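Asks: Okay, handing you the structure first.
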Amino acid sequence: MLDVSTGVALAAVGAGISMGAAAIGSGIGVGIAGAAGAGAIAEDPNKFGTALVFQALPQTQGIYGFLGAVLIMIGTGILGGFAGFEAAANTMAGLVGTTPENAALIMGLAAVGGGLSVGLAGLSAIGQGITAAGSIGAVSKEPGAFGKCMVLTVMSETFAVFGLLITILILVGLKLLGA
């Protein structure tokens, strides 16, 4: 059996960072927006639907983090257990002309890079939650501002999408996905 345990550990860390950091961002963002929503609903219970829409927006970064983690685990073979990772390392070794041990390390480090990309980009949900909170207040006072406030709130989403895209490109570029 190959000694690929370091690569497996690094891949698991990458998947954990992907989900964990994005969840922190989403949790904080949703909480900020939820606090504003609660205030708006206390003044007018009919504002619940609008508040819920804006509060839900920062959750998407958590979804991207989850997707990044799953793609990392699929690409590195972690979901297939240790044997799955070993098979992926053997495949990569043949593709890049190195030993399976080195390939396992490359896979693990790539997974950490991918996890950092989508996980840290997921922290953009904090800013999105702040904007969503302001939007809840604005739309509570002026319902006609909904569309403009929605545009402002989703702007920070762009960076989370970029983070997920970089994770996918890392995995595809190293032939861990779509190979």
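Quick reminder: no glycine exception, Cβ is built from N, Cα and C everywhere.
Bear in mind that TrEMBL entries carry predicted annotations, made automatically and left uncurated.
So TrEMBL has the following annotated:
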type	residues	note
DOMAIN	13-72	domain 'V-ATPase proteolipid subunit C-like'
TRANSMEM	20-42	transmembrane segment
TRANSMEM	63-85	transmembrane segment
TRANSMEM	105-130	transmembrane segment
DOMAIN	113-170	domain 'V-ATPase proteolipid subunit C-like'
TRANSMEM	151-174	transmembrane segment
Asks: State the residues, same chain only, that lie 6 or more residues beyond the ends of the transmembrane segment (151-174) and have a CB under 8 A from a CB inside it; answer 'none' if no residue qualifies.
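Replies: Result: 18, 22, 54, 57, 60-61, 64, 67-68, 71-72, 75, 92, 106-107, 110, 113-115, 117-122, 124-125, 127-128, 131-132, 135.
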Asks: Find the average pLDDT over the domain 'V-ATPase proteolipid subunit C-like' (113-170) in the predicted model and report it.
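Replies: Here the mean pLDDT over the domain 'V-ATPase proteolipid subunit C-like' (113-170) amounts to 98.
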Asks: In the domain 'V-ATPase proteolipid subunit C-like' (113-170), how many residues does DSSP call helix, how many strand, and how many coil?
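Replies: Counts, helix then strand then coil: 53 helix, 0 strand, 5 coil.
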